[in-house]
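Please read the structure below before turning to the comments.
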Amino acid sequence: MAVGIVGWGAYIPRYRIKTREIAEAWGDDALRIRDMYLVEEKAVGYIDEDPVTMAVEASRDALIRAGVKPSEVGAVFAGTESKPYAVKPISSILIDALGLNRQVYSVDMEFACKAGSDAIINLMGLVKANSIKYGIAVGTDSSQGEPGEHLEYTVGTGAVAYVIGSSNLAAEIKYTYPYASDTPDFWRRDSSPYPVHGEGFTGEPAYFKHIIGAAKGLMDELGMKPNDFDYAVFHQPNARFPVRVAQMLGFPLEKVKPGIVVDLIGNTYNASALLGLAKVLEEAKPGAKIIVVTFGSGAGSNAFYIETTDQLPGKVKLARTIGEMLEDKVYIDYSLYLKYRKIIKMIHG
């Protein structure tokens, strides 16, 4: 049974802040910051936007592109690390917001930035087992960075959703490969508002080791090489890391660049690589071969081998594209950024 992507949707907030604006507020060298991360600006959710509202918007567009009725959806899984509620799932809110039946599997998944891709893999299993006809996988985050800390320059906001099924496929997911270990590169304790990163652990032992392990494992099992793929999409904590890991694996820049979005919206965590995939789907031709590798701190990666179908081109314009959302933007200054992020609040009386 062929299983894969029936439809997809995304949501990127309109509000953006230049990394230069943040650097000037803290007295940092804006050019040095830009050269370090290659992130020009990032998306910022408005006061009434959060991972739930973004997940709803992305899922609605995914259903439109899929041509699937809400009543046909048998499961909804949401991957996030920034839930608005400590105890209350996003997935159950999506059931009512999208008009799904009550008889659906629903769960919020957690593994740092790769839970959204875990949601896809779990839905694939349910479809293959004939337990459901279609499922919705969501990656959504409003990423947190402590003011004045370097993470603030790269964390962004956004969501992406994929309808997974076995009919009317825009792209078939032909193979997946996992790679995981106990690596303390990045964490946030329950009582802390902001995460902590393990400095030297964030690069070689975490991001690069796991993405390379998953990508090489997938290619070795399939007997494929970098030149067999038309596109390569990797998790994007900044714009340097995906280009560097591509070079380490042997992928040329022209196969990686189409899927990079972090330079314009920041690292959207669970939506990061999956937004990159959505952008690639907007330009890929039928028969295109795509490798996607997600990454979540702690640490683990999922590698996907995806091949597009003849139905892909007809689905692209059915909903707003990543390209359109990247262009639809309003810039804000740092004071509004702090307000929209609820870092500063008005105290009454």
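Here, residue 1 is simply the first one shown, and the rest follow in order.
Cβ atoms here come from the backbone N, Cα and C positions, even for glycine.
Going by Swiss-Prot, these are the annotated features:
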type	residues	note
ACT_SITE	GLU81	active site, proton donor/acceptor
ACT_SITE	CYS113	active site, acyl-thioester intermediate
ACT_SITE	HIS235	active site, proton donor/acceptor
BINDING	ASP29, ALA30, CYS113, THR154, THR202, HIS235, ARG244, ASN267, SER297	(3S)-3-hydroxy-3-methylglutaryl-CoA binding site
BINDING	ARG240	CoA binding site
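Feature map: Swiss-Prot annotations on the structure.
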residue	record	CB count, 10 Å
ASP29	(3S)-3-hydroxy-3-methylglutaryl-CoA binding site	11
GLU81	active site, proton donor/acceptor	23
CYS113	active site, acyl-thioester intermediate	32
HIS235	active site, proton donor/acceptor	30
ARG240	CoA binding site	16
ARG244	(3S)-3-hydroxy-3-methylglutaryl-CoA binding site	16
SER297	(3S)-3-hydroxy-3-methylglutaryl-CoA binding site	27
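In this structure, the C-alpha atom of ARG244 ((3S)-3-hydroxy-3-methylglutaryl-CoA binding site) lies 12 angstrom from that of HIS235 (active site, proton donor/acceptor). Mapped onto three states, the DSSP output places CYS113 (active site, acyl-thioester intermediate) in strand. Using a 10 Å Cα-Cα cut-off from GLU81 (active site, proton donor/acceptor), the recorded positions that qualify among ASP29, CYS113, HIS235, ARG240 are CYS113. Inclusion criterion for the recorded positions ASP29, HIS235, ARG240, SER297: a C-alpha placed within 10 angstroms of the C-alpha of the residue listed as 'active site, acyl-thioester intermediate'; this criterion is met by HIS235, SER297. Comparing ASP29 ((3S)-3-hydroxy-3-methylglutaryl-CoA binding site) with ARG240 (CoA binding site), their Cα atoms are 18 Å apart once rounded. Recorded residues SER297 ((3S)-3-hydroxy-3-methylglutaryl-CoA binding site) and HIS235 (active site, proton donor/acceptor) have their alpha carbons 11 Å apart, per Cα-Cα distance.
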